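K.L.:
One structure, pasted below without further comment.
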Amino acid sequence: MDAMKAIRALVMVVFIGYLFIWVMTPTNVYRQKWLPSIRAKTSSTYFGVQGSTILIYTFPILFIAALGSVYLHFGKKISGGEKESCSSKKNRVAIWKRPVIIQGLGIVSRIELAFFIMFIALLVWSFSTYLHISFAKITPKSAAKSGEEVWEAKLDSAALRLGIIGNICLAFLFFPVTRGSSVLPLFGLTSEASVKYHIWLGHIVMTLFTAHGVCYTIFWAVTHQSSEMLKWETTGVSNVAGEVALVAGLVMWATTFPRIRRKMFELFFYTHYLYIIFMLFFVLHVGISYACITLPGFYLFLVDRYLRFLQSRQRVRLLSARILPCETIELNFSKSRELSYTPTSIMFLNVPSISKVQWHPFTVSSSSSLEAEKLSVAIKVEGSWSKKLFQLLSSPNSVDRLDVSVEGPYGPVSTDFLRHDTLVMVSGGSGITPFISIFRELIFMSETLKCKTPKIILITSFKSSSDLTMLDLLLPSSGTPSDFSKLELQVEAYVTREKQLSTENKMNIQTLWFKPNPSDAPITPILGQNSSLWLGAIICSSFLIFLLFIGILTRFYIYPIDHNTNKIFSYSTRAVLNMLFICICIAITASASFLWNKKDNAMETKQIQNMDGTTPQASPNSWFYNADRELESLPQHSLVQSTNLHFGERPDLKKILFERKESSVGVLVCGPKKMRHEVAGICSSGLAANLHFESISFSW
């Protein structure tokens with residue numbers, strides 16, 4: 001614990017210093033005193049001017065990422081020990097986590113709002129400081145020397161500064177979408193919960209870069225320099241590359257707006273691969289020396305992306321599928337015992353028989369503590385991909401095996417539900433999924449570890465009676481202990497569009513078992529049991545090898561031509577070589593780590609290959625059987641007794657929540673936007689200080 005505190009303190013010192021550099025960057029003190037002094041001490045025949053940029057902007061973040069890997073390693077061991085001892089942490093920043101509903105941002109905590117305001121303040125400060133300094137140098141005389149009017153010279157200056165401010169946002173853009181990040185957990189974040197930051201930053205980046213491009217287009221038009229749009233300078237800024245990057249960014253941006261993204265998700269999905277074009281031509285536009293300012297976030301993203309690629313090449317062992325009448329599927333996979341994950345985690349699936357390129361995120365419904373050798377995800381039919389999967393598995397001539405690849409699972413480092421006296425879980429429709437994993441985890445803690453667990457109140461709303469069968473997923477499939485007699489459970493299930501229990505088209509829940517394939521493997525940690533330490537090793541070693549490569553390249557190839565003048569050797573060639581070395585270094589170190597750890601999983605894979613005959617089946621000629629489980633005959637009678645059904649009405653959430661008088665009530669909500677905002681409004685009203693709100697992300 002002391003080591004973790006020391007690491008976190010060191011990380012905060014480095015991060016504050018990193019932010020301080022961003023604050024000082026636009027000032028004359030930094031540009032005229034600090035930067036020249038640093039360059040004088042760091043410039044060499046091995047790195048040139050690029051060396052100082054790497055030292056100031058790249059090294060601190062990669063150092064934090066390496067420390068974060070060690071922090072995660074200790075955190076997993078400590079959280080495991082806390083689970084065994086049933087200990088819990090007191091939430092000392094609860095007041096800062098209270099929700100606030102902001103138009104355009106949605107539900108944010110007070111601490112998120114504070115950081116957002118500070119970030120906007122940084123952008124405003126930087127832009128205003130740049131303009132103040134640059135405009136002070138623009139006079140009628142100086143503008144006349146360039147054949148320009150004063151306003152034209154100021155437009156030129158403002159256009160340049162808009163691009164520079166956009167680079168600040170770009171430097172942070174890729175951190176939220178690095179799924180296996182070692183940086184986000186240091187700040188109590190997960191990639192799934194941080195996607196909103198990526199969205200905010202993306203909108204700001206493209207607004208600034210678009211304004212940057214439009215202003216320059218106007219400037220070139222009024223000064224009769226339209227030919228500048230076609231210039232690709234050898235040793236300067238390449239305008240053509242910037243235009244290509246901007247067009248790629250605009251295409252991506254156009255598909256991100258909610259209405260387009262929801263109706264044409266595949267268009268959104270495929271156009272986002274243009275980030276490769278965007279980043280490549282951005283580097284060619286500004287040059288690699290300047291691009292190192294935005295390099296660290298993208299570097300960590302590339303490490304994570306390549307590791308995900310390696311994991312996705314392996315087909316995993318799919319054991320069975322539970323098919324519910326409400327067009328919901330629970331897929332059950334084999335997993336290694338050393339793979340542990342927390343409740344509310346997500347996993348990305350690819351089914352080549354449906355689409356070889358589409359990957360979809362789904363919420364993990366199992367508990368790695370309760371189900372040590374199985375991992376489950378719940379899938380609700382809500383799009384063309386999930387509809388094809390449901391039709392494939394529910395048809396009379398159903399398949400007896402299915403090839404599946406996965407990425408993940410990804411989730412928070414730890415969860416602490418034991419600190420509350422009561423957990424109120426509010427869900428709408430498919431939003432119940434993350435609560436399934438929480439419920440199963442609490443079963444393990446109460447029944448196996450004998451921990452004192454909070455009272456659970458599940459308030460869930462469905463459209464029709466058939467959706468009630470989703471409550472069956474609260475209990476693991478056969479073969480896993482599911483007694484929860486020590487849990488205090490209350491389920492309030494609301495069917496909003498029916499007045500009574502419908503018996504039309506009643507179907508049983510069905511279970512489909514799949515034949516094993518010798519090439520299938522259980523889901524394992526991609527970098528083994530000590531994956532966090534391996535990730536840190538990859539980050540450090542790949543970056544050191546990269547520095548070695550560019551040092552040799554600069555000293556023995558570029559320096560003899562350019563002599564650190566940056567006026568002879570092509571910027572584009574230097575940028576391409578640097579990016580190539582980055583990719584090679586990441587590929588070498590990540591592949592070596594992956595292959596080393598793959599050996600440790602060989603024994604478990606061999607055991608999976610011998611699983612023929614262990615799979616239950618209804619008859620010698622069939623792999624499909626009815627589980628004969630209806631809502632009225634759930635295997636645990638106590639679940640039925642704990643469930644109250646309400647028809648033709650919606651839950652009165654304000655009444656239910658305000659009636660809770662316990663000292664600490666955790667309020668978790670997952671469902672439609674309107675429901676989340678309603679619960680957030682109740683918890684932030686100040687009328688009940690004991691309500692602690694948390695919005696849960698989920699994927700179907």
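Each Cβ is built from the backbone N, Cα and C atoms, and glycine gets one as well.
Dumping what TrEMBL says about this protein:
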- 311-416: domain 'FAD-binding FR-type' (DOMAIN)
- 6-25: transmembrane segment (TRANSMEM)
- 46-74: transmembrane segment (TRANSMEM)
- 113-138: transmembrane segment (TRANSMEM)
- 158-177: transmembrane segment (TRANSMEM)
- 197-222: transmembrane segment (TRANSMEM)
- 234-253: transmembrane segment (TRANSMEM)
- 273-303: transmembrane segment (TRANSMEM)
- 533-558: transmembrane segment (TRANSMEM)
- 578-596: transmembrane segment (TRANSMEM)
K.L.:
Going through 46-74, 113-138, 197-222, 533-558 one by one, which has the most CB pairs that fall under 8 Å from the transmembrane segment (234-253)?
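P.N.:
Highest pair count goes to 197-222.
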K.L.:
Please work out whether the transmembrane segment (46-74) lies in contact with the transmembrane segment (113-138), by counting C-beta pairs under 8 angstroms that are 6 or more apart in sequence and asking whether there are at least 3.
P.N.:
no
K.L.:
Under 8 angstroms, Cβ to Cβ: which one of 6-25, 197-222, 273-303, 533-558 has the largest number of such pairs with the transmembrane segment (113-138)?
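P.N.:
Answer, by Cβ pair count: 6-25.
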K.L.:
For the transmembrane segment (158-177) and the transmembrane segment (273-303), does the number of C-beta pairs under 8 Å, pairs 6 or more apart in sequence, reach 3 or more?
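P.N.:
Stretch pair touches.
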K.L.:
In terms of Cβ proximity under 8 Å, which residues at least six beyond the ends of the transmembrane segment (197-222) contact it?
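P.N.:
For the transmembrane segment (197-222), the sequence-distant neighbours (Cβ-Cβ under 8 Å, at least 6 residues beyond its ends) are 105, 116, 123, 152, 155-156, 158-160, 162-163, 165-166, 169-170, 172-177, 228-229, 239, 242-243, 245-246, 249-250, 253, 256.
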K.L.:
Can you count helix, strand and coil residues in the domain 'FAD-binding FR-type' (311-416) using DSSP?
P.N.:
13 helix, 40 strand, 53 coil
K.L.:
Using Cβ atoms and a strict cutoff of less than 8 Å, what residues sit near the transmembrane segment (533-558) while being 6 or more residues removed from its termini?
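P.N.:
For the transmembrane segment (533-558), the list is 45-48, 50, 54, 62, 65-66, 68-70, 73, 180, 182, 299-300, 303, 307, 527, 569, 574, 577-578, 581-582, 584-586, 588-590, 593, 597.
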K.L.:
Let me know the model's mean pLDDT on the domain 'FAD-binding FR-type' (311-416).
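P.N.:
On average, pLDDT over the domain 'FAD-binding FR-type' (311-416) sits at 88.
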